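Q: What follows is a single structure, and I will ask about it in a moment.
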Amino acid sequence: MLVVFRVDSATQIGTGHVMRCLTLAEALREQGAHCTFICRNHPSNIYSLIEKKNFPLYLLKNPSDCTSSNDNWLGVSQIDDAEETIEIIKFLKIKPDWLIVDHYAIDVTWENRLRGHTKKIMVIDDLANRVHDCDVLLDQNYTNCWNKYERLVPKNCRVLLGLEYALLRPQFINARQKLEQEGRHSLDYRKVFIFFGGVDKENYTGKALDILLELGDFAPEVVIGCQNPHHEVLQEKMYQFPNGHLHVQVDNIAEIMMRCSWYLGAGGSITWERMCLGLTGIVIPISDNQIEFSNALDSDGFHRVIRDLCTEELRKNYQNYILDLSFKESIYKSYLLFDGESTIRVVNHLFQIH
């Protein structure tokens with residue numbers, strides 16, 4: 001089976017789209033599929049990770065612009081992007097079994113133009129705010145229901161909704177199996193896992209470290225991406241935490257999570273990965289698309305959301321939630337939401353349909 005991914009990363013776009021596509025690509029390759037990536041050459045991208053995983057990568061020309069608005073994330077018009085993508089597919093002399101698109105700036109306009117150059121189209125989305133021409137749509141959000149997409153996709157489109165289709169990397173599946181065999185270590189509330197996305201342009205990570213330093217004796221395990229512009233500043237801050245560590249673009253993030261007792265960070269795809277391991281805590285949505293599902297998980301008792309990352313808010317929620325019995329209940333509830341089979345479910349659907 002031949003699969004082509006169309007996905008981007010950049011400062012404004014973040015790294016999560018590429019990371020979840022890599023997760024799916026690796027799972028497809030395990031089942032014998034051949035995967036290729038097509039990405040636009042945005043600045044501050046993480047495409048080296050695609051090459052590191054030994055997937056062919058073809059770059060579209062540099063964008064003319066990439067603003068903070070989702071609609072402009074392509075950096076060119078959808079028509080121009082579609083034509084460039086078609087040229088690469090023609091160059092490869094293939095007609096992919098699947099063209100998998102993960103991009104907030106792509107909709108039916110782009111997909112219609114690619115229809116004749118691929119057998120099937122899959123869209124990965126979590127906004128439900130635009131029309132698609134696709135055969136499969138995947139939305140792994142917690143809050144989704146079919147009626148959000150009913151008028152946005154063709155009638156014969158197979159819609160995969162919810163956490164039973166969450167794209168979890170193999171390391172999280174393996175870590176979960178280890179938890180099932182060995183159980184969780186006793187809680188040490190000093191050990192907090194901090195992650196505010198692969199880029200964290202606004203430096204929420206630095207703000208969180210400053211507040212933790214005020215609140216007490218913590219041993220934070222901090223993870224950032226290779227494109228984080230505040231790397232050196234964060235490294236300096238970590239000297240104030242003799243038992244803490246700063247990790248940059250790591251391959252063993254599940255192992256690091258397993259050493260921690262609670263979470264402090266953003267929403268996004270990391271939500272499903274940490275919940276799979278029963279790691280819960282305090283969430284600060286850092287983009288509009290993280291707000292709805294983060295709040296829904298808060299309402300159902302899976303974590304605690306705060307909108308303002310400040311000393312008083314963090315102190316209050318640490319004392320009233322992390323140190324409370326309800327926190328242990330959240331750990332158990334989060335863990336039970338997953339069974340470790342979600343990624344392979346998606347793969348199986350793609351093989352069945354093609």
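Quick reminder: no glycine exception, Cβ is built from N, Cα and C everywhere.
Relevant sequence annotations retrieved from TrEMBL are reproduced here:
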{"type": "ACT_SITE", "residues": "H17", "note": "active site, proton acceptor"}
{"type": "BINDING", "residues": "R169, E273", "note": "substrate binding site"}
Q: Do you know offhand how many angstrom separate R169 (substrate binding site) and H17 (active site, proton acceptor) by C-alpha?
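A: Given the Cα positions, R169 (substrate binding site) is 13 Å from H17 (active site, proton acceptor).
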Q: Using Cα coordinates, what distance in whole Å links H17 (active site, proton acceptor) and E273 (substrate binding site)?
A: 14
Q: At a 10 Å cut-off from the C-beta of R169 (substrate binding site), count the other C-beta atoms across all protein chains.
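A: Excluding its own Cβ, R169 (substrate binding site) sees 21 Cβ atoms within 10 Å.
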